[in-house]
Amino acid sequence: MEAIWLYQFRLIVIGDSTVGKSCLIRRFTEGRFAQVSDPTVGVDFFSRLVEIEPGKRIKLQIWDTAGQERFRSITRAYYRNSVGGLLLFDITNRRSFQNVHEWLEETKVHVQPYQIVFVLVGHKCDLDTQRQVTRHEAEKLAAAYGMKYIETSARDAINVEKAFTDLTRDIYELVKRGEITIQEGWEGVKSGFVPNVVHSSEEVVKSERRCLC
């Protein structure tokens, strides 16, 4: 039987090819690091439950997207139905950092009229001696776009949990404040299953009818 969860958040992980998107997701969802990882073709799907507060769990649907240009038309279709995302670059590959702006602009075009909460992720921080992007300039770019910045390593399991849980908590706070709402026809946020809780007026009416019988 599936564990109980309060909400389901659909997340998307984007960035250039070879920045380590699949490795990061597999470390988070499966607890393992693959030394050799085949390039993602189109989109792959993963899921995991995260407990953000005692007794409050969020189900994450995580979409791993291909970074190659020839798959962009496929991955763009998933932007609109995502509420959050990790935007990855490789700290040893300056070009992948320079392309962050392009990824963000592309996302803005395809998510309308909704919004995506992003965290900027500098991946492969275990290769610090090969760094081509300083933490300072990455933090500056993230601040310019209103994003958090975090550095991770799938190989050494550094900040992998933190990247996903911080993003989940940020989305959860926006949902609690009513700044992000569940909307018909949008898959970004869905209400979960909580026992002994009436979720709609229709359910109340059904309950009252049963009592009158």
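Glycine is treated like the rest: Cβ placed from N, Cα and C.
Here is what Swiss-Prot says about this protein:
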BINDING   S17, G20, K21, S22, C23, S37, T40, G67, H123, K124, D126, A154, R155  GTP binding site
BINDING   S22, T40, D64  Mg(2+) binding site
LIPID     C211  S-geranylgeranyl cysteine
LIPID     C213  S-geranylgeranyl cysteine
MOD_RES   S201  phosphoserine
MOD_RES   C213  cysteine methyl ester
REGION    35-43  region 'Switch-I'
REGION    67-83  region 'Switch-II'
- Task: Translate the DSSP assignment of K21 (GTP binding site) into the three-state scheme.
- Result: helix
- Between S22 (Mg(2+) binding site) and D126 (GTP binding site), what is the CA-CA distance rounded to a whole number of Å? 17
- Message: I'm trying to understand the geometry here, so how far is the Cα atom of R155 (GTP binding site) from the Cα atom of D64 (Mg(2+) binding site), in Å to the nearest whole number?
- Response: 18
- Query: If you count the other Cβ atoms within 10 Å of each Cβ, which of the binding-site residues D64, D126 comes out on top?
  - Reply: D64
- Given the binding-site residues K21, H123, R155, which one has the fewest other C-beta atoms within 10 angstroms of its C-beta? R155
- Query: What is the number of other Cβ atoms found within 10 Å of the Cβ of C23 (GTP binding site)?
  - Reply: 22
- Message: Taking 10 A as the limit, how many CB atoms besides its own sit near the CB of S22 (Mg(2+) binding site)?
- Response: 21
- Query: How far is it from D126 (GTP binding site) to D64 (Mg(2+) binding site), counting Cα to Cα, in Å?
  - Reply: 22
- By a simple count, how many Cβ atoms lie within 10 Å of the Cβ of S17 (GTP binding site), its own Cβ left out? 13
- Take the C-alpha atoms of H123 (GTP binding site) and D64 (Mg(2+) binding site) and report the distance between them in angstrom, rounded. 15
- Item | By Cα-Cα distance, the member of binding-site residues S17, K21, C23 nearest D64 (Mg(2+) binding site) | K21
